[in-house]
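To keep things clear, I will list the structure first and then write my remarks on it.
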Amino acid sequence: MSSGSRSFFTPQETRLELPQGAAHQTPDITRPASPSENDRAPFLNGGPSDAREDVRMGAKALRNDSEKPAVGIMALAPILCYCAASITMTVVNKFTVSGRGFNMNLLVLLIQSTVGVTCVWIAERAGLIQLRGLNAKDAWNWMPLSIMLVFVIWTGSKALQYLNISVYTIFKNLTIILIAYGEVMWFGGRVTRIVLCSFLFMVLSSVIAAWSDISNVFAIGNLSMPHTPDSIMGGMAKDPITGALFPAFDPLKTEKDAINAQLQSASANDVIEGFQGYGLLSSGYVWMALNCICSATYVLLMRKRIKVTGFKDWDTMFYNNFLSIPVLLLMSFLVEDWSYANLHKNFPDDKQTKLISAIVFSGACAILISYTTAWCIRATSSTTYSMVGALNKLPVALSGMVFFHDPPVTFSSVSAIAVGFFAGLVYAFGKNKQAEAAKLGGHASANGSSSMSGSKDGSSLPMHTFNDRKD
């Protein structure tokens, strides 16, 4: 994953070669305009920024889109690695929590966070990355975010436990809508027509994905148990001649058994008492709704906190995982059953090694996703990365059908995935157009400021003043 013998995270030395005689010439010290808030918004929302140089990620890790090489064969490696890492992470998590009666989700997250901290610490000790040292002030400022992240990953694992991967992936898009309108209310963001159109497609795909459960609600509500004649009420009938009892034949027994099974299955998934039989209120959808709310809250809070702390990518990952360990440990002891019987139920002897290995591997996958994300942006561009993220939702959703055969391949499931995939493409296109418009506006204002400062004195160099900074 590195190029030659040089690590991706190692800073590269930048030299400026001056032409002969350049020392006697007046240098052009025009300073480019500072990035606007819209330019920095993608990074603050958890996505990539368009241009960023930092010793922690390599001096030339992330360059301007105009300096990026054209997407070709060399860019396939980071793109494929990013897609493979995200798909693997989802599939392994689904395998881990989908066991019969599994209820130790917080313990799984505790192990994953410990593995993540260990991997980052090893990379820092090996000199691959640089981390900010632990201090009480940063820990105190970041603790609310770590607690919120615990709820994000906990509710996400519970939703993934009860829902199939396709429905989970489709409903995860609704988080984007909450974040967008949260930015409108608190950060002065705006939603363009193209982005709004993508939101409508996201909602439509979610309705299609949940249509089977919605239909089940009306079907169960209209169920009526066939009447059983009094003569065979107890399952026995009496011979009118001898008076002897014999097993009665009920011609509606098959239909009754099917109705009872449907009612029992729907009631078993209810999380709210008093709504037995209504599959729409199953715990999977409740956990998914909570996950969307927690995820949006986490992203919006991080946008404020990251300005206060000045964290970089690896600092954020390290603090998130490190500070979440005591929170996960406390919540696991308070909420989950740590008895020997329950631990043996969740980690049976015949699957114990496989489950623990999968949990450790999924913790390492989180690090791999962060690395491949930066690699993909470095090798291509932030625009290409956003499109890859939208395209990647299709194989992630299809992975549930391939590995777990859930949901079955039906017109409804395929339509939901297709509409959700199209919604992601429209959203990525709309955000890219919005970013381009913001860049054009920034360049126009920069050129205007340069011409105004240069018009004061024809012999002076056009420069921006410090008051021109937007940050």
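Glycine residues also receive a Cβ, built from the backbone N, Cα and C atoms like all the rest.
As annotated by Swiss-Prot, compositional bias 'Polar residues' applies to 1-13.
For N164 (among others), the entry in Swiss-Prot reads N-linked glycosylation site. In the three-state DSSP reading, N164 (N-linked glycosylation site) counts as coil.
The N-linked glycosylation site annotation in Swiss-Prot covers N222 (among others) and is backed by sequence analysis.
Taken from Swiss-Prot, the feature region 'Disordered' covers 1-52 (among others).
What Swiss-Prot lists as region 'Disordered' is 442-471 (among others).
Under the heading topological domain 'Cytoplasmic', Swiss-Prot lists 1-70 (among others), citing similarity to another entry as support.
The feature topological domain 'Lumenal' is assigned by Swiss-Prot to 92-101 (among others). For the topological domain 'Lumenal' (92-101), the residues of the chain that approach it from at least six positions outside its boundaries are 108, 157-158, 160-161, 165, 345-346, 351, 355, 358-359, 361-362, 365, 400, 403-404, judged by C-beta separation under 8 angstroms.
Here the topological domain 'Cytoplasmic' (123-139) has, by DSSP, the following mix of helix, strand and coil residues: 7 helix, 0 strand, 10 coil. Residues annotated as topological domain 'Cytoplasmic' in Swiss-Prot, with similarity to another entry given as evidence: 123-139 (among others).
Here the topological domain 'Lumenal' (161-166) has long-range neighbours at 90-91, 94, 97-98, 102, 105, 209, 269, 282-285, 287-288, 396-401, 404, 406-407, 413, 416-417, meaning same-chain residues at least 6 beyond its ends whose C-beta is under 8 angstroms from one of its own. The topological domain 'Lumenal' feature in Swiss-Prot is assigned to 161-166 (among others).
The topological domain 'Cytoplasmic' feature in Swiss-Prot is assigned to 188-193 (among others). Here the topological domain 'Cytoplasmic' (188-193) is broken down by DSSP into helix, strand and coil counts: 1 helix, 0 strand, 5 coil.
Per Swiss-Prot, the feature topological domain 'Lumenal' maps to 215-279 (among others).
Annotation source Swiss-Prot lists topological domain 'Cytoplasmic' at 301-315 (among others), citing similarity to another entry. Counting residues per DSSP class in helix, strand and coil order gives 12 helix, 0 strand, 3 coil for the topological domain 'Cytoplasmic' (301-315).
Beyond the topological domain 'Lumenal' (337-354), the same-chain residues lying 6 or more positions past its ends with a Cβ under 8 Å from any Cβ of the stretch are 99, 101-104. Residues annotated as topological domain 'Lumenal' in Swiss-Prot, with similarity to another entry given as evidence: 337-354 (among others).
Annotation comment: Swiss-Prot describes 376-383 (among others) as topological domain 'Cytoplasmic'.
Look at Swiss-Prot and you will find 405-408 (among others) tagged as topological domain 'Lumenal'.
If you look up Swiss-Prot, you'll see 430-471 (among others) marked as topological domain 'Cytoplasmic'.
Counting every protein chain shown, the Cβ of N164 (N-linked glycosylation site) has 21 other Cβ atoms within 10 Å.
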